[in-house]
Amino acid sequence: MNDLWNYLTTSANWHDNGGDTGLWTDIVQHLTYSFIAVLIAAVVAFPVGMAIGHTGRGRAVVVGAVNASRALPTFGLIVLLYVILSPHFHGHSNTVFILPVEIVLVLLAIPPILSNTYAGIQQVEPAIKDAAKGMGMTGGQVLLRVELPNALPLIISGLRSAILQVIATATVGAYIGLGGLGHPIYNGFQSGPFQDTPDSHTATGQLLAGAVLVALLALVVDLIVATIQRYVTSRGITARYKRSHLRAPVVAVP
């Protein structure tokens, strides 16, 4: 713990030093890679999940594909894509490092978003949908005004799960040269940590700092999304009305 504390409290470790990035840069890069991956996954998964949940068509095929994608070996796939893509992007800055990692992170983020979206839409009570149709709503209006608001808690839960998985997995990109918080973890391992030498103490602190910051980053982002979820979800759905608001008025009958 002393090594971790010493590394985190040394201001030089937080700022770029020549060709080596500081912790602030690593955090920004990590957030950027994670945000891009989750955004792309959401753009793909939300419409597909909503369509499946609303119509019920293609459910078996998509569910099978989603379940199969969960078994993908993340690290091996990143290395494989790097080997395949590197000849085509040689000399193109960081593209050769970013593309393999982003592709894998997107594939990792799609399953929880997609499965929670279609499950949330599908689990809306039929009586609610029938009532909406009885009021003259079209299929699209039922989806957007009835099914989507009722499914929102489960949808955001899937989004939170995807964000946590992506933030944790993005560290693997350091193995092929990508930045982010995997950078101090990888460099710490390469420098020989957990030995009783000055350089080893620094390496240990660097490794632990990267790991702790990844965990803290995931917790902070999850807290932010959970707070957003609380305020964008209908109070009737989240049962945040007080009990007195839910009671039916008592009418005296003479």
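Glycine is no exception: its Cβ is also placed from the backbone N, Cα and C atoms.
A TrEMBL annotation is a machine prediction, not a hand-curated record.
Per TrEMBL, these features apply:
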DOMAIN    27-225  domain 'ABC transmembrane type-1'
TRANSMEM  31-53  transmembrane segment
TRANSMEM  60-85  transmembrane segment
TRANSMEM  97-114  transmembrane segment
TRANSMEM  162-186  transmembrane segment
TRANSMEM  206-225  transmembrane segment
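Contact counts against the transmembrane segment (60-85), taken as Cβ pairs under 8 Å, peak for 97-114 among the stretches 31-53, 97-114, 162-186. Listed by sequence, the residues of this chain that lie at least six past the ends of the transmembrane segment (162-186) yet keep a Cβ under 8 A from its Cβ atoms are 21, 23, 25-27, 29-30, 33-34, 37-38, 41-42, 74-75, 78-79, 82, 94, 97-98, 100-101, 104-105, 108-113, 206-207, 209-211, 213-214, 217-218, 221-222, 225.
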